[in-house]
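Scroll down for the structure; my scribbles are underneath it.
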Amino acid sequence: MASLSESEGTNRGSMWELDQNLDQPMDEEASRLKNMYREKKFSSLLLLRLAFQSLGVVFGDLGTSPLYVFYNAFPHGVDDEEDVIGALSLIIYTLTLIPLLKYVFVVLRANDNGQGGTFALYSLLCRHAKISTIPNQHKTDEDLTTYSRQTYEENSVGAKIKRWLEAHAYKRNCLLIVVLIGTCTAIGDGILTPAISVLSASGGIKVQNPNMSTDVVVIVSVIILIGLFSMQHYGTDKVGWLFAPIVLLWFILIGSVGALNIHKYKGSVLKAYNPVYIYRYFQRRNSDSWASLGGIMLSITGTEALFADLCHFPVFAIQIAFTLIVFPCLLLAYTGQAAYIIAHKDHVADAFYRSIPDSIYWPAFVIATAAAIVASQATISATYSIIKQALALGCFPRVKIVHTSKKFLGQIYIPDINWVLLILCIAVTAGFKNQSQIGNAYGTAVVIVMLVTTFLMVPIMLLVWKSHWILVVTFIVLSLMVEIPYFSACLLKIDQGGWVPLVIATAFFIIMYVWHFCTVKRYEFEMHSKVSMAWILGLGPSLGLVRVPGIGFVYTELASGVPHIFSHFITNLPAIHSVVVFVCVKYLPVYTVPMDERFLVRRIGPKNFHIFRCVARYGYKDLHKKDEDFEKMLFNCLLSFLRLESMMEGYSDSDDFSVPEQRTEGSISNAFLAEKTNNNTMCSNGDLSYSSQDSIVPVQSPLRGNSLLRYSSQASHTVSDELEFLNRCKDAGVVHILGNTIVLARRDSGIIKKIAVNYMYAFMRKICRENSVIFNVPHESLLNVGQIYYI
């Protein structure tokens, strides 16, 4: 392989070297002095306040589990007191091992600068190994202040894992498949959580009216669900302050009722805290005990949402809220319910509501319904965030995303997804009509997401944390010791409702994987079809055409090279704009890109060609908002670049460095090859960087007061002329040139690929948002260039 690469290098010739000099990707000249990410420090009072607020956002789903756990564990009733004790013991130690130890004290630490969820874990891995979803990244992206990653010694475990992941494409593809499975199943949670929470809370109506039909409860639940999803476009900004008090009141209620029932009925239920009763439970009930695990597992539903909703609060605040309020109240609630069920074995179906004293029954019903709505809202919001992350990383069709709050960036609303969730949620609620089958479906979804998180934590601990292998093995053993039995129990209930999340996850997986596959293949086609810069510059300053006044923004996913649509454009039209800017908008595996680091601008070729490249970088949390004028931002970037470029040319330490304004076609190659050794000449001051022909300046960066830059009169005159020329071109008109491509499978492709590309991907592209809408391009300034890509 070495000899082959060497022979290729010798055969490339001077034209290849010229192309590399003229149009290098945004390379090391774009490096900047970074402000390292530092975790914010909070005062004790602020931490307590944030811990209180986290109750309404993070813990609603986990807190409403006592509404339906015991019924799903014993759908056919309870025969023996020991069964209840054994089930309670399982609940206690499941809550201890999974939410408390695994998530609160381990997984929450694996956040991406405060962002949680499956894609946050994946973005961490993408930064520490070259496994990004779309291969248009470059090493300059690593210079972002939010692009933190570790370095490894050559023979360390982390370095070996990194090389193993990067070695073959199929390994990276398998990792992506695992991430998509977890993501799609988490989306299923956004359907099942509102269904089971609202249906369980509404069931309290029937407890006081035994003769009431089950259909009435279902109708009430559907009405609540319709109201909940219909209000999503208003956002939670105005009513969000109510969530924390409601959930706190809920935890106080279930904790107090639990303590009352322990005192009133069987205090001996406390022996369930002895794990020996878990062994006795399985020994006595055999296969029945294993089947009941599917219901017991519902006691930890909402745990994954605890991680997914992490972005709103610091880790320590969530740890305080869970250990001081959530965990003790849940233990009291389940223990009190167990005591009540032992005394009233025939009330297991409605154990929660029947255990409430009559004097506070209806206030408790109102609080339970409100808590169920809050829990559903938190899961729906988490689903929006998951889809936004998937969309940013090229794994979901471009759907409309709406900001619902001017204060909080994370509060979004996705109309198309909202109505899909509503339809599926109503179908599940009205179709099953009871908690048992929905619970079976819910349990299957939850345990799959947890298994995916466990799997992803292994490379996180080795690559990111550099943990000792003994700690990694301990984490895996303790996690799988709980999750594998629960997963096997859920598989036993596939035919009793467990198939629902599998069908939902499969449908979303097909959509996401087909979209990602075709997006990557389309990018690879563009890479292979890109035009050499040497060829473009060989056409001369006029590009062999008439240069008409105006600015042309040519949008492309390529961070280097000239897209094929541009050569197609100049081949079929006799004119091109006086100023051409290749615009690349790309998302990186970071949660956000600061505004002062978002744009990178460089000049391509000699000045009289007036060709530039602008790369706009976004994180998966960033959004293109409607009030952003993308065209204005791009133009300001160009102006800033020209001013800073002129400053660097006039710098006193660069006297023997010059940028020729004009070169003849024949002199371009020799001049650049002669200057190759000086091509990395760079003058930097703080966070401003510049080099000769490959000029890269991060715009919107603050200039330091002690700067030593000075103008020469000639440079000042030149930049004034160019700025004036650029403004005249803007006044003449700006045109946005986008590729209107049709993607088709090659004729020799298999039938599955043809169906995926020619029909599924084509349909999704037809119904999703166009780039012109995403970038807010005025219709009168839009020019589409049609092409067919065969992938």
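Backbone N, Cα and C atoms are what each Cβ position is placed from, and that goes for glycine too.
The following features are taken from Swiss-Prot:
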- N211: N-linked glycosylation site (CARBOHYD)
- N434: N-linked glycosylation site (CARBOHYD)
- 1-49: topological domain 'Cytoplasmic' (TOPO_DOM)
- 71-87: topological domain 'Extracellular' (TOPO_DOM)
- 109-175: topological domain 'Cytoplasmic' (TOPO_DOM)
- 197-215: topological domain 'Extracellular' (TOPO_DOM)
- 260-289: topological domain 'Extracellular' (TOPO_DOM)
- 311-315: topological domain 'Cytoplasmic' (TOPO_DOM)
- 339-359: topological domain 'Extracellular' (TOPO_DOM)
- 381-411: topological domain 'Cytoplasmic' (TOPO_DOM)
- 433-444: topological domain 'Extracellular' (TOPO_DOM)
- 490-496: topological domain 'Extracellular' (TOPO_DOM)
- 518-791: topological domain 'Cytoplasmic' (TOPO_DOM)
- 50-70: transmembrane segment (TRANSMEM)
- 88-108: transmembrane segment (TRANSMEM)
- 176-196: transmembrane segment (TRANSMEM)
- 216-236: transmembrane segment (TRANSMEM)
- 239-259: transmembrane segment (TRANSMEM)
- 290-310: transmembrane segment (TRANSMEM)
- 316-338: transmembrane segment (TRANSMEM)
- 360-380: transmembrane segment (TRANSMEM)
- 412-432: transmembrane segment (TRANSMEM)
- 445-465: transmembrane segment (TRANSMEM)
- 469-489: transmembrane segment (TRANSMEM)
- 497-517: transmembrane segment (TRANSMEM)
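In the three-state DSSP assignment, the secondary structure recorded for N434 (N-linked glycosylation site) is coil. Looking at 239-259, 290-310, 360-380, 497-517, the range that has the most CB pairs within less than 8 A of the transmembrane segment (88-108) turns out to be 290-310. The predicted model assigns the topological domain 'Extracellular' (433-444) a mean pLDDT of 86. Within the set of glycosylation sites (N211, N434), the lowest number of other Cβ atoms found within 10 Å of a Cβ is recorded at N211. The stretch in closest packing with the transmembrane segment (176-196), judged by the count of Cβ pairs under 8 Å and taken from 50-70, 290-310, 469-489, 497-517, is 497-517. Panel annotation: around the transmembrane segment (50-70), residues 42, 84, 87, 91, 99, 193, 196-197, 200-201, 240, 242-248, 250-251, 254, 295-296, 298-303, 305-306, 309-310, 312-314, 317-318, 320-322, 324-326, 329-330, 333-334, 337-338, 341, 348, 351-352, 368, 371-372, 374-379, 381, 435, 439 of the same chain, lying at least six beyond its termini, place a Cβ under 8 Å from a Cβ of the stretch. For the transmembrane segment (445-465), the residues of the chain that approach it from at least six positions outside its boundaries are 98, 102, 106-107, 109-110, 118, 121-122, 124-125, 128-129, 149-150, 157-158, 161-162, 165, 178-179, 181-182, 185-186, 188-189, 192, 297-298, 300-301, 303-304, 307, 471-472, 475-476, 479-480, 483, 486-487, 490, 501, 505, judged by C-beta separation under 8 angstroms.
Most Cβ pairs under 8 Å to the transmembrane segment (290-310), among the stretches 216-236, 360-380, 412-432, 497-517, belong to 360-380. Between the transmembrane segment (412-432) and the transmembrane segment (239-259) there are fewer than 3 Cβ pairs closer than 8 Å, counting only pairs 6 or more residues apart in sequence, which means the two stretches are not in contact.
Highest Cβ contact count with the transmembrane segment (316-338) among the listed stretches 216-236, 239-259, 360-380, 469-489, 497-517 falls to 239-259 (criterion: pairs under 8 Å). Secondary structure of the topological domain 'Extracellular' (260-289) per DSSP (helix as H, G, I; strand as E, B; remaining residues coil): 25 helix, 0 strand, 5 coil.
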